[in-house]
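Read through the structure below, which is laid out as C-alpha cells, and then see the notes.
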Amino acid sequence: MEERSGVLETSRSCKQLIGPEGSDKEFEGYIDSNLRVVETFLRLFPIGLCVTALVIMLKNSQENKYGSVSYTDLGAFRYLVHANGICAGYSLFSAIFVALPRLSSVHIAWTFFVLDQVLTYIILSAGAASAEVLYLAEKGNMATAWSSACRSFGPFCHKVTASTTITFVVVVFYVLLSLISSYKLFSKYDAPTVSNPSMGADIVAFHG
C-alpha cells in the first residue's frame, strides 16, 4: 500500500509539474494566434488607404485662367505616389505571408522588422514632404515673395490635402506594425552574436 501511495504521489507531482508548462504553451499559442490575426488586419487596412491616396494624387490636375498644375510638376507629390504604391504592394505581400501559419524563424522575424521600419520611414517622409509643399502652397512665403497658389488652384490643393492626410493615417498603421514586429523579434529570439577571434568566444551584439 505504501508503495502504491508513493507512486500516486509521484504521478500527481509530475502532473503538477507538467500542467503549468502545458498551460503556458497553450497560452503562448493563444497569444500568437490572436497576434497573427491582429497583425494580418493591420497589414490589410493600409492597402486600401495607400491605393486611395495614390489614385487621388494621380488624378490631381487643374487648369483654369491662371494656368495649369499637376502633381507631376512637383517632386514631393510624385514621391508620395511612388511611396504609396510601394506601401500597397508590400502590405499585400506581408499580409499574405503573416496569415500563413507556422512560418516563423529568426531570419523571417528580422526581415519583417527591417522592412517594416523602412516602410514606416518611407511613408512618413513622403507625407512630410507633401505637407511642406502644401503648406507653402497654402500660405505662400513673404521672404521669397511667393504668393498662395491655393487661392488660384483650390480644388488641386484640396486633393493634395486629402492624399497627404490619408498617407499620415497609413503612418499610424505602420508604427503599430513596427512595434509588433519588434515585439515578435526581441521577445522570441536571442540577440545576435559576433565572433571575437582574439578571445575565441562569441559575444552578444546587444548589451543590456
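Every residue, even glycine, has its Cβ placed from backbone N, Cα and C.
Since we're looking at a predicted model, the values are computed, not measured.
Lifted from Swiss-Prot, the feature list:
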- 1-36: topological domain 'Cytoplasmic' (TOPO_DOM)
- 37-57: transmembrane segment (TRANSMEM)
- 58-79: topological domain 'Extracellular' (TOPO_DOM)
- 80-100: transmembrane segment (TRANSMEM)
- 101-107: topological domain 'Cytoplasmic' (TOPO_DOM)
- 108-128: transmembrane segment (TRANSMEM)
- 129-159: topological domain 'Extracellular' (TOPO_DOM)
- 160-180: transmembrane segment (TRANSMEM)
- 181-208: topological domain 'Cytoplasmic' (TOPO_DOM)
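The transmembrane segment (80-100) shares more Cβ pairs under 8 Å with 37-57 than with any other stretch in the list 37-57, 108-128, 160-180. Residues belonging to the topological domain 'Cytoplasmic' (1-36) score a mean pLDDT of 54 in the model. Applying DSSP to the topological domain 'Extracellular' (58-79) sorts its residues as follows: 9 helix, 8 strand, 5 coil. Beyond the topological domain 'Extracellular' (129-159), the same-chain residues lying 6 or more positions past its ends with a Cβ under 8 Å from any Cβ of the stretch are 56-57, 59-62, 64, 66-67, 69, 74, 76-77, 79-80, 167-168. Per DSSP, the secondary structure of the topological domain 'Extracellular' (129-159) breaks down as 20 helix, 2 strand, 9 coil. Same-chain neighbours of the topological domain 'Extracellular' (58-79): 125-126, 129-130, 132-133, 149, 152-153, 155-156, 159-160, 163, counting only residues six or more beyond its ends whose CB sits under 8 Å from a CB of the stretch.
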